[in-house]
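Chemist: Mind looking over this structure? Questions follow.
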């Protein structure tokens, strides 16, 4: 009973998240809360539980919360630069150049889902935002699908899957940055570690989208025609939801120089060379300014400072504050060792390191389903699986680092792609909301995205099974260490 009481703050957090993210629940109960309110409530309740069960003094609890937040300081700086670069990519024409280059081929109903998937995948890597990518790509490809008499459900699932690709792999994705920080690994190491596996998932999913569209008509249409077909009221609604997506669509319509894709290439190249994340982000921001001046998408230094400023504000106004509260929550829960029963169960079910890591993945997926928010899962469940590994596995630092990389991948991949398989998840609610806004002629549902999101199915299944059965070793740098290099500690 005492162990259950110590876990009750997690149940409170999960319950409030589900009520707020599932419309039927929030309507029935008459309230809906943002995580910026839910997290402080959970922190206060966890503090009370800690004082009752462990007899901790208030200052002890406060110190535990603050110490856990301090561990995230570098992540906060990376997030601010990441948001600034994402805004720069969207505003200066980098995102538009990627779309334009990708669409300079004839697109038919057969290929529109595949092209939507690939374009949104590249754009999500460039911008680091799945929501922004979806908002930018949905108007183009849903109306293009309408004009071509294509499969609307296939197209929305393709956009959703592609939008999530860069949110799990992108250097400037907040989920990638935060999950890497929690598990104490470099973001650039993450890219090199999971790159080939991610590309495999991309290729397999792309093949399935192509096969699924083969029975559709083969007449081609230009992207400009699809943008011109967007009704004026849809433009107005999109401007309210994601104004930066409107700017990007206008850039696609009016055209931007091809060389505006260079900042993305530069950032990826520097990252693959192994330089620090902050250096990569800084290079991306500076190159956007220089090339944007030549392209005419940046009017001057002060205007560009406004873009960077808005990026900093975007990071600080929500995501960093949310992370601080949830990190404080995690510090308190760790202080009273609330997750010990969960850790003991994972160890009890495991006969080797790979089995333990597999259960870490399952815990991440279940946490995502319970919290219905990928970031809440990353900052809440991430420390749990980190501690399970650190407390129960021994080996040299290099081999243990491979386990840290896998846990970081679990946190973001099963957070991002797992969200696409959970009907009540906030991700699917956002995607359905945007799709209904930009294309009001069709009634979309969460189950439709789940059914055809091949990228999500492939990513979730392969990361779990590859970890359990050692198939990950076929990909250079991706395989995790196993016995005898690492081993479960003897109790």
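Glycine is no exception: its Cβ is also placed from the backbone N, Cα and C atoms.
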Chemist: Choose the correct range: of 111-144, 145-178, which one does TrEMBL annotate as transmembrane segment? Give that range.
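Modeler: My reading of TrEMBL: the transmembrane segment range is 111-144.
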Chemist: Which of these ranges is annotated transmembrane segment in TrEMBL: 400-417, 454-471?
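Modeler: Result: 454-471 is the stretch TrEMBL calls transmembrane segment.
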Chemist: So which range, 14-33, 34-53, gets flagged transmembrane segment in TrEMBL?
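Modeler: When 14-33, 34-53 are checked in TrEMBL, transmembrane segment belongs to 34-53.
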Chemist: Could you check which of 239-255, 256-272, 341-357 is flagged in TrEMBL as transmembrane segment?
Modeler: 256-272
Chemist: State the residues, same chain only, that lie 6 or more residues beyond the ends of the transmembrane segment (454-471) and have a CB under 8 A from a CB inside it; answer 'none' if no residue qualifies.
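Modeler: Apart from its flanks, the transmembrane segment (454-471) reaches 117, 157, 160-162, 164-165, 168, 197-198, 200-202, 204-205, 208-209, 354-355, 357-358, 361-362, 365, 406, 409-410, 413-414, 417-418, 420-421, 479-480, 482.
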Chemist: May I ask for the residues of the chain that lie six or more residues beyond the transmembrane segment (311-332) and have a Cβ under 8 Å from a Cβ within it?
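Modeler: Distal contacts: 9, 13, 35-36, 39-40, 42-43, 46-47, 50, 61, 64-69, 71-72, 75-76, 79-88, 174, 178, 375-376, 379-380, 383.
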Chemist: Residue list, the transmembrane segment (256-272) vs rest of chain: Cβ under 8 Å, 6 or more residues beyond ends.
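Modeler: Sequence-remote neighbours of the transmembrane segment (256-272) are 85, 88-89, 92-94, 96-98, 100-101, 125-126, 171-172, 187-188, 191-192, 279-281, 283-284, 287-288, 291-292, 294-295, 297.
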Chemist: How about long-range neighbours of the transmembrane segment (34-53): same chain, 6 or more residues beyond its ends, C-beta under 8 Å?
Modeler: 2, 5-6, 8-9, 12-13, 16-17, 20, 61, 65, 318, 321-322, 325-326, 328-329, 332-333, 335-336, 373, 375-376
